[in-house]
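Listed in Swiss-Prot for this protein:
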BINDING   278, 279, 280, 281, 291, 293  ATP binding site
COMPBIAS  600-618  compositional bias 'Low complexity'
DOMAIN    120-478  domain 'TTL'
REGION    594-618  region 'Disordered'
């Protein structure tokens, strides 16, 4: 161990010079940089003898960039970092704001309000297998420079397709990647359904939110028996087969509604696969006689322990033609029974919502507009959202074991990963939500004004949850070689024990756990294989705790659904054991229990209400309460409103129920002006490296040639008479 006060070189960002100093002097410099205790990056770089890694937001002696004037626009120019969430702290991490897009256009009066900080620190991002205009616009509007996909040292990496888990081992502690390893366990349709079905076989009807399903070709025999059984059941009841089909068939790895069709027999199923064949839900809840589904945006910042958020703003996508199960609708199957926007926008009946003020116009509504419609129908919309939150948490828990195992192996540093999922949910007549699929990198296209407003806010809040560190490029360049050397040496030292630590049987033990096997017995089987490749698990856990506390002030319009008050007691009986660290329970104690204790100590009202809640539920064991809770979540006919919910459960979920009112709010405010589309970025703010700029130039030429060839091909295919008429007019 090195002595603490041995003189060494310390970089001072105030003077841009390196001088000889001691660790004590370095810590003093950290105070000048306002390095907070929750900045976990200090721990990594302290081992590399780099103390002052965080760049200051603004030195005390820096002069104002914009001279004060009497106009409101110029007065606004003094606020360089603005957030919709007033609780956010902006000293160590970048604060993203949807307001920044207003100042990135050519005609912006205050052009450097948000870009100056990113440009000064030379923050960078790259996009791989994605060309989302919204992501590029958001990053450029905060001063980020776009790099080529081959650059390994960028601050933010945005992927549009699955990343190989081994590539995540190269992530540095200051980098942010929008994916977790093995998240395809959730986003591939067959794996999603199989994971939830496995959890259902272990924990029972608590996971009853997916329809009956089969995966071809490996389950062809079971599927054939299912077709025969369904036909017999319908014949015995004197009914007819559902039109367009009793089963709906989807490719397991497709999106945007591609390749979907209906089936009533094995003859309708092609031999090639794999395909997901699931029971068609033929009694959907209708809005103005139209079928719909919900797009719910979910952010995850950690899988072990699980930290999950649901965005308070979402979308309701309506079918473009009225719902009809008769054979007369055969000519418009897809526009009646499918709700995918990419399909229905091609229908002649599709109505676009071009208004910013009307959230329930056309065939794409906001989530809040649909929930207000449900409330006007006399239904409990907030209880519906609690059931959707429950569905989301259980879906994430069903893959937690797989993702946690991969994360231990491939994520060297805490808090480098985050992910945005798009949950597609169908609601039936009993107001029971059913999970259809989960989308990896959900569409961020802004085809309508409400799309632009909602998704711009969504991405700003998502990046705030990611906590992108404010690091000067000089610091990164100086630290990276030493850190990579340390990582490589750790890799070589751990290679000798890889066989023990990566035993695949350890990861699969829980999947094969028989129903009724006690966890204490199961734990004994996996203790020997629970060692992680990353040594300091406790330090990583402490970092996750600090980041989770920080996220609470940076979440914007996200609602944390796990962990929060009551979640540990309700969900721990349906959670798999991931090791003897108990990170989920400990995070709940750190983030929820201690916070409640601190808040209740100064409020007699809070303590009295807490006492009444505990006394009313003390007569029931925690596992009995959990069973009753999951019964309430699944049996929507029996518990159709909050008044029908037993008092013991109502006291637990009442804070959730109150918070669910955030989903029903309008996303626009009267008197406010909103941009109807993404701005065109001015050239001075569209920062790109040379290689990245060359890539876009080449692509621009290729697209122009492709467009020209398509125009020539269409012209050659025109009828001769039409060409003659056009020539005559000319």
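Each Cβ is built from the backbone N, Cα and C atoms, and glycine gets one as well.
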* List nothing but the largest Cα to Cα distance in Å, as a whole number, among the residues 278, 279, 280, 281, 291, 293 that the record says bind ATP. => 18
* Find, among the binding-site residues listed as 278, 279, 280, 293, the one whose Cβ has the highest number of other Cβ atoms within 10 Å in the structure shown. => 293
* So what pLDDT does the domain 'TTL' (120-478) average out to? -> 90
* Given the binding-site residues 281, 291, and counting only Cβ atoms in the protein chains shown, which has the most within 10 Å of its Cβ? -> 291
